[in-house]
Amino acid sequence: MNVKGLTPKDLEQYGIHDISEVIYNPSYDLLFEEETKPGLTGYEKGTLTSLGAIAVDTGIFTGRSPKDKYIVRDDVTRDTVWWADQGKGKNDNKPLSPQVWADLKSLVTEQLSGKRLFVVDAFCGANADTRLKVRFITEVAWQAHFVKNMFIRPTQEELENFTPDFIVMNGAKCTNPNWKAQGLNSENFVAFNLTERIQLIGGTWYGGEMKKGMFSMMNYFLPLKGIASMHCSANVGESGDVAIFFGLSGTGKTTLSTDPKRKLIGDDEHGWDDDGVFNFEGGCYAKTIHLSKEAEPDIYGAIKRDALLENVVVLADGSVDFDDGSKTENTRVSYPIYHIDNIVKPVSKAGHAKKVIFLTADAFGVLPPVARLTPEQTQYHFLSGFTAKLAGTERGVTEPTPTFSACFGAAFLSLHPTQYAQVLVKRMQACGAQAYLVNTGWNGTGKRISIKDTRAIIDAILNGDIDKAETQTLPVFNLAIPTALPGVNSEILDPRDTYADKAQWDVKADDLADRFVKNFDKYTDTPVGQALTKVGPKR
């Protein structure tokens, strides 16, 4: 299966030698054979399920390993990367010396040497002008399958002239014995070198490290060119109107952007340039815990031949128990985006977004179901990236847990968060886009805002009804909230009205305002952040 132009000798430039065979851009049928062939053991082995998809296990790493993420600090990155050891904000961009990088690289290249290797060339980014051409090198068939699903698959013609911009070498089977002496976190590593344009993976089998690794790189390169790089879902209406949905896990990002009246551009990673909004990916990576055909027919229907399940429980008859989270609650499936019917074709991109929606699930019962944001408030709430979860009852704790994640994706930011906020607002202002804060969480009744009301709110945003509505100002947070919207229970629009005693809201609002102010302090080390404090909550 050696395709013209790629031989074992071509991989020697990366330090990999004595390769017995290169399996280049394998077909799905060949990957199926390789994943299920007799003799495979451990985490290399794929299991055929009754749905037609292959299931694999990723071992102890059932999610990303943020404590093992490093970026080489050199002349290219020293003054651009948002470093973990600088400033007030916490992030995962730990610096790595060029010397330690060389050691890690030699571990991975030795691991891959002397083997049959799978090489997948793919694009990250649907826009030809700004996409990254990525070459993935691995000895494990299902890892090649994962990136074939998740990244954009080139045509045969595009492959003939494919010169990679970035190399990902996945040495999941190797670990670093010298990590303590090198001052690293553990024997596992996910390391990036922006001068060499290489990502190295060692010790972790989790497929998402390759997906989110390239997202972190797009988050480095694009904003420096004035292009927004966003952790969001996006869809488009029949008239070409584009909406983007930001939100942390559990806020309804996937649910609310999956709309039978609108076509999906993508579910997780997007850019926004002079032409409009475009998907970075060629697939979806959906959570499957408690998945049912009735509740999420699109995702369930996508789990068929060529889909790849991770860490699910497969029963003796080949059926999948999606309710069993004994391996992890973070069970996943990757599949090519065309497994979903209602998508933008043939390329996952559309025009400029006119509606930008920040989803939050406020468990404190303070924020309104919807508010219209000013450009300054847009930056403030984008940088705050707030959501909150109800505490687990098993520990008997009733206090909600707040989460603040810059730009609704702090784990993947390579530059300072204010750079993403500035680029987003510039893009919005250039095309007259409007931002809204939508709370899918709880209010004074103690119940979660109904999905019916939330969907009606999203409809009012998308069809423009909200922009015609009368508004009032919610105190403390100074948010413009509508007094009435079609199809929405008017009694919930002002969160104070959901409390039997409005003084209760006042107390909770002051408490949450303090948390916002305290969190935002980390951005006051830049002039942009300092200026935005004036639009934050005021007690």
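Placed from the backbone N, Cα and C atoms, the Cβ positions cover glycine too.
Model, not experiment: these values are computed from the prediction.
Annotated substrate binding in Swiss-Prot involves R64, Y206, R332 plus, out of the candidates K212, K345, the residue K212. For the binding-site residues R64, K212, R332, a Cα to Cα distance of within 10 angstroms from K253 (ATP binding site) holds for none.
R332 (substrate binding site) falls within a strand when secondary structure is assigned with DSSP. On the backbone, the CA of R64 (substrate binding site) and the CA of S249 (ATP binding site) stand 14 Å apart. Proximity to G247 (ATP binding site), defined by a C-alpha to C-alpha distance within 10 angstroms, is shown by the following binding-site residues from Y206, K212, H231, R332: H231. G247 (ATP binding site) falls within a strand segment according to DSSP. T255 (ATP binding site) falls within a helical segment according to DSSP.
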